[in-house]
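Asks: What TrEMBL records for this protein is below:
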{"type": "TRANSMEM", "residues": "C:24-45", "note": "transmembrane segment"}
{"type": "TRANSMEM", "residues": "C:65-85", "note": "transmembrane segment"}
{"type": "TRANSMEM", "residues": "C:106-128", "note": "transmembrane segment"}
{"type": "TRANSMEM", "residues": "C:175-194", "note": "transmembrane segment"}
{"type": "TRANSMEM", "residues": "C:206-225", "note": "transmembrane segment"}
{"type": "TRANSMEM", "residues": "C:240-261", "note": "transmembrane segment"}
Amino acid sequence: MEFRDNKAIYLQIADYVCEHILLEKWKADEKVPSVREMAVELEVNPNTIMRTYELLQQQNIISNKRGIGFFVTEKAIDQVKNFRKAHFMDHELPVLFRNIYLLNISFEELKSKYETFVNENFNA
Amino acid sequence: MIKVNNLNFGYSKHQPLFKNMSFQLSAGHIYGLLGKNGAGKSSLLKNLAGLVYAKSGTLDVFGFDPSSRQPAMLEQICFIPEEFYLPAIKIDAYLKANAPFYKNFNHDYFTDLMKEFDIPVSQKLTNMSYGQKKKVIIAFGLATQAKLIIMDEPTNGLDIPSKTQFRKIMASALTDDRCIVISTHQVRDLDNLIDTVIILDENNIALQASIEEITEKLTFKKVKEMDPSIIYAEPSLSGFHAVMPNYHQEDSKLDMELLFNAILTEKTKFKPYFN
Amino acid sequence: MSNIFNLNRFGLLLKRQWLDFGKVYLLTLVILVAVIFSFYCYFIPSPIGDNFDYDGNLDMRFRYGLFIFLGFLFISITSSSYFSILGQKPRAIQELMLPASTFEKFAGALFYTAFLAVISYLLIFYIIDLGFVKYVNSHLSEFKMESAKHSHLNGVESISKQVTSDKNYLTYLSSYFPIPFLVISIFLLGSVYFNRFHYIKTAISVAIFSAITFYMIYKASILFIGDKVMRNVMVQKDEILLWIFLVSAAITLSLWLITYIRLKEKEV
């Protein structure tokens, strides 16, 4: 896994786990790699992985079964989507809004742009 | 696990290296010790291991005074110096002679590490390259199951695949009862491995903080233009790499090299954030 | 486990040190054997030479000098090389970090330099000497044939037998007994004290130190007693020998103590 420049490592790892869940490489009720396995695979401090897993636990994406390890929750896919949406709303949208405001872009203009984008990419 | 109080140390009376230095290290962490050349990284590590003696102040390494060099303490310390020596014998002979001193020595773990490092156990130590020898002493040191692991520039002399092996091994070596201290000037080799940064400057510790704490208080990002909130910035191709206060609870990725330069140049400005 | 001395750990240490020290040591032993052997070959009495006195004793006097001179070289070289690795930083770190107490490391040094080196030197010299003595004695008849003027020829005694059967020799031997250990302690201290060129530096320091000491004693004796005393006070020979024993033993022990302290305080 290549880490990007700007996002905190533990969040990038969370994305990595979420990606696996969305692509159903790790299915509901399956065990996710242990903190140590993950740390070794990604060459990252185990405490960082622990931080990621704690975050994912808070988001109900994985759950900790004492003594056994971390498991993908039943509704993990929904939770991932919720989590991503929340993250988008909280972190990416403000940046976008700022640019929209600064560049004086109207909502109508945005709306038409958005619709063509959806048409081009998802309704082919 | 380790408590240092008012440490004063220097190789000559007129040039003190550390003045009234105090800090604590706890188990379950990988500390990254950073500092300019001559800031005293190696000397600090040697103080912890009892290889040099403090002028004044106290050091407590899991209950021992390191300067007393007691066997019960020494068998719990794994010290990997930057330059080292291995006798001209086979690895198993080396093991036979040295491993019995460490009552927790784990031979299976050693074999695993050697496999991970791609070194045949029957090879003679004289026929090895510097990098291979380094891997042998790292493997030996980790296999002693020491509580305190001290490494001085461990990635020096390792090629790129070996660095990857090294990071994987260190990631798995960290346990809750182990404390790992690594000094390095090649920050990029290790930056995801380190969870707490210690920066040495001007006879003392300029910063000791976990990555989490640092990114809570500061944010690291690329900006197009300078603005007054930026505490420190370095020009880059597309603007600046900047460090600024984390006003918006952003979770940025810590750029350790940038942090290091920032702390050294703007020490007083950063001080209020870490007290 | 004791933090000062543990027999099991000490055994491990001796085994480990053998890996390092042993090779140099064995090599020195081989050279030693070769040197003793060649000296004996060269100086051994032969029927061709005229090397016996009027009492019919073969001249084997060369071996005393050889014994003392080689002995000095051998024990000083082995003891001066023992801690020499502490002069090299990377090796010193490993030695100091090895989980054995300073006392055990010091005792290991004594074992190799003061015990093993001395014993092996004596043994080697004894065996070679005995071999040559046996050889000469079995060829005594050839001496008789070459020089008819000596009808009576004595067999040669081994050096150890000669020394132990003579009461005078024995007194000297016991009085000078600490001297080799003094040499060992001096060179061992030198090997801890200096980081490089241990042997030369130790030798030079000893030379300077003893020159100063003798000069001071000489000056002091002139100052305090002048030149008139010696005629009146006849010091007993036994008493001098006792003093030699006591003083050299005391210096040896204190040098060992200093070495131990230096080792404890060694920094890298």
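From the backbone N, Cα and C atoms, a Cβ is placed for every residue, glycine too.
Just so you know, TrEMBL annotations never went through curation; they're auto-generated.
Mind running through what each feature is packed against?
Replies: Taking Cβ pairs closer than 8 Å, the transmembrane segment (C:106-128) reaches residues 5, 10, 13-14, 17, 21, 25, 29, 32-33, 36-37, 40, 67, 70-71, 74-75, 78-79, 82-83, 100, 158-160, 180-181, 184-185, 187-188, 256, 259-260, 263 in its own chain, all 6 or more past its ends.
Within the chain carrying the transmembrane segment (C:175-194), a Cβ under 8 angstroms from the stretch's Cβ atoms is held by residues 71-72, 75-77, 79-84, 86-87, 109, 113-114, 117-118, 201-202, 205-206, 241-242, 244-245, 248-249, 251-253, 255-256, 258-259, 262-263, 266, all 6 or more beyond its ends.
Note on the transmembrane segment (C:206-225): residues 186 of its chain, located 6 or more positions outside it, place their CB under 8 angstroms from a CB of the stretch.
Distant neighbours of the transmembrane segment (C:240-261): 102-103, 106, 109-110, 171-172, 174-179, 181-182, 184-186, 188-189, 192; these residues of the same chain sit at least 6 beyond its ends, with a Cβ under 8 Å from one of its Cβ atoms.
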